[in-house]
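**Student:** From Swiss-Prot, for reference:
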- Asp141: active site, charge relay system (ACT_SITE)
- His196: active site, charge relay system (ACT_SITE)
- Ser518: active site, charge relay system (ACT_SITE)
- 31-108: domain 'Inhibitor I9' (DOMAIN)
- 113-579: domain 'Peptidase S8' (DOMAIN)
- 352-436: domain 'PA' (DOMAIN)
- Asn172: N-linked glycosylation site (CARBOHYD)
- Asn219: N-linked glycosylation site (CARBOHYD)
- Asn458: N-linked glycosylation site (CARBOHYD)
- Asn555: N-linked glycosylation site (CARBOHYD)
- Asn600: N-linked glycosylation site (CARBOHYD)
- Asn648: N-linked glycosylation site (CARBOHYD)
- Asn658: N-linked glycosylation site (CARBOHYD)
- 1-24: signal peptide (SIGNAL)
Amino acid sequence: MATLAASSSLLSCLLVLFLSSVSAVTDDKQVYIVYMGSLSSRADYTPTSDHMNILQEVTGESSIEGRLVRSYKRSFNGFAARLTESERERVAKMVGVVSVFPNKKLQLQTTTSWDFMGLKEGIKTKRNPTVESDTIIGVIDSGITPESQSFSDKGFGPPPQKWKGVCSGGKNFTCNNKLIGARDYTSEGTRDMDGHGTHTASTAAGNAVVDASFFGIGNGTVRGGVPASRVAAYKVCTPTGCSSEALLSAFDDAIADGVDLITISIGDKTASMFQNDPIAIGAFHAMAKGVLTVNSAGNSGPKPISVSGVAPWILTVAASTTNRGFVTKVVLGNGKTLVGKSVNAYEMKGKDYPLVYGKSAASSACDAESAGLCELSCVDKSRVKGKILVCGGPGGLKIVESVGAVGLIYRTPKPDVAFIHPLPAAGLLTEDFESLVSYLESTDSPQAIVLKTEAIFNRTSPVIASFSSRGPNTIAVDILKPDITAPGVEILAAYSPAGEPSQDDTRHVKYSVLSGTSMSCPHVAGVAAYVKTFNPKWSPSMIQSAIMTTAWPVNATGTGIASTEFAYGSGHVDPIAASNPGLVYELDKSDHIAFLCGMNYTSQVLKVISGETVTCSEAKKILPRNLNYPSMSAKLSGSGTTFTVTFNRTLTNVGTPNSTYTSKVVAGHGSKLDVKITPSVLSFKTVNEKQSFTVTVTGSNLDSEVPSSANLIWSDGTHNVRSPIVVYTSDY
């Protein structure tokens, strides 16, 4: 396996050389790599001689001295040579040549998400190592892999004195000075048998591990946002799900154990009333004890009202792309290349395989349409075995191995996500899939090869993931959710060798690629921990505010509510800016109780949420929209009327004394809003001083298709404290 991994890594490097700038040019010639697939099995085949013959034929020169740069002849077949553009075109058409691409200067790759956000490795990023080492992240998930290099305690001292937890991970499970605590609520032991918990924990706080990859894909340094911090794992999930009672027990223990914040990449398909939501209840208790809870928004997008984790005392995270993605090319027998999506580590050794469309291999039990979608029991095994199965949808993933196919090509509705499969596979968007179908219908012997996945860079980003759950918030309609977005697409992080990289996958890996708001959530948890290392006495709401008000604005890339604040909240997280926000919106337990009273919750319900006996009075009750939240949102009763809505807010100075902030309003989308800020200038003489203001929004004839929005920015010339303002009329 080590040899295979090494050759796969080398091949992967060669296949991504077309991503950078050209490095070698001689006159009008430049160095190209001619990739020819696997080595010939013929005993009399000599690669270098073949390469020289090809060059002589293409160039018309008997002596090719200075032309041949390098022959690849041990693990695969190919060569590098100095060619003109016309020579490159000729060699690309020759039999046996898979692809020709320019030579480039390469740099070692990282897993990119933290670099993408500006939190770079080593001395490039300001750190507070002593405080970071005292920071404890509680991970409520499917457990953890203690042997992972991401959780090695090399260089770590003993746990912080505040730590009161235990290591009760079960048999053959040992904690250390990095992984300082483990608890199990499933009777299986805390060891991660799935991989999800290991992945999220390493994303938030994993050590920097060089040369990590998924069989050579994404090779580079994998690390968490706060590598010097400690981890405590709380296992609440099994393959059948995560029980409410286990979740609450984990919150209970984590808070008492002394964690500084909690990351929980768990949720429901839709939001629940707070009193019925174990995460909302647990997070309320965490907030009351000074512990921030970061929660995933859910993977039920792009449909509206699908976001979960909507309580204002939770930092709710959507998922978006980074500047790196993965593509898998499908080369058809006619030479045409289609670009698909998957994370395919398999190599088909340069060999084309026969293609068979599911509907052309229909079993007697189904019609051609069902077989075309490769539905269960609809494909005849005898007509598929040894071939690449083509399916009109992802249903083929369930049957492809059982019918004996050697690969799979399917139509995918998700253009932005690459998944791992247990055999060579690629998902094609409709246009490319139709090209594939046309090819299938044009020949009696269609063939293709699915190439190993390549990394692509500098794509448009960040873009909100299609799967990321959207608002509006149906439980607290005047609280904008999700709050923030972060990298959650094709994230490489530590994994459990006991888990499967994909369903029915027999491979065992230490690092894997996953997508979901489960992946974006620990990114924000890592940012929250990073912010806390510079501001250890900050409350959860101050950290949440800092993250939200310093976020990058996200440009709408689509239409409808799926591309509005209901998709990304305040924007894309910016770790460096969040560590020094200038001003924050601060909240405590009493503010949240006043908010709940304003939602007309009964004393009985309030006790369920807060654990305390609370009697609401007018003095304690506030309109939900007047909660001192970093974003501002209001749901109105109708779209055709003139309206006026106000928001009351208070800012706390956490920057410098004697600072003055001036307000500015930037228009968003939807109907035009008239926004007035009173007062429009705030002056702070001291640190921790508070100043209040009112936002008055007026307008008429609101757009009923999308929310209407604007952005309020307070600036002192150094800090820009931005809050989205959203007004809407329906649940869409």
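Note that Cβ sites are derived from N, Cα and C of the backbone, with glycine treated the same way.
Remember, predicted model here, so these are calculated numbers, not experimental data.
Relative to the rest of the structure, where do these features sit?
**Tutor:** Secondary structure at Asp141 (active site, charge relay system), as computed by DSSP, is strand. A 10 Å cutoff on Cβ-Cβ distances gives Asp141 (active site, charge relay system) a total of 28 other Cβ atoms nearby, all chains included.
Using a 10 Å Cβ-Cβ cutoff, His196 (active site, charge relay system) registers 23 neighbours.
Taking the Cβ of Ser518 (active site, charge relay system) as reference, residues of its chain lying under 8 Å away and at least six apart in sequence are, in sequence order, His196, His199, Thr200, Ser265, Ile266, Ser296, Asn299, Gly488.
According to DSSP, the domain 'PA' (352-436) comprises 24 helix, 21 strand, 40 coil.
Note: Asn172 (N-linked glycosylation site) has non-local neighbours Arg191, i.e. same-chain residues 6+ apart with C-beta under 8 A of its own C-beta.
In the three-state DSSP classification, Asn219 (N-linked glycosylation site) falls within a strand. In this view, Asn219 (N-linked glycosylation site) is surrounded by 24 other Cβ atoms within 10 Å of its Cβ, with every protein chain counted.
The Cβ of Asn600 (N-linked glycosylation site) has 10 other Cβ atoms within 10 Å, all protein chains considered.
Note: Asn648 (N-linked glycosylation site) has non-local neighbours Asn626, Ser692, Phe693, Thr694, i.e. same-chain residues 6+ apart with C-beta under 8 A of its own C-beta.
For Asn658 (N-linked glycosylation site), the Cβ neighbour count at a 10 Å cut-off comes to 10, with all displayed protein chains included.
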**Student:** With H, G and I counted as helix, E and B as strand and the rest as coil, say where DSSP puts Asn600 (N-linked glycosylation site).
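**Tutor:** DSSP assigns Asn600 (N-linked glycosylation site) to coil.
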**Student:** Among Asp141, Asn219, Asn658, these being the recorded positions, pick the one whose CA is nearest to that of Asn600 (N-linked glycosylation site).
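**Tutor:** Considering only the listed recorded positions, the nearest one is Asp141.
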**Student:** Averaged over the domain 'Peptidase S8' (113-579), what pLDDT does the predicted model reach?
**Tutor:** 92
**Student:** Work out, from DSSP, the number of helix, strand and coil residues along the domain 'Inhibitor I9' (31-108).
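**Tutor:** Residue counts in helix, strand and coil order: 21 helix, 21 strand, 36 coil.
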**Student:** For His196 (active site, charge relay system), which of the three DSSP-derived states applies: helix, strand, or coil?
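**Tutor:** In three-state terms, His196 (active site, charge relay system) counts as helix.
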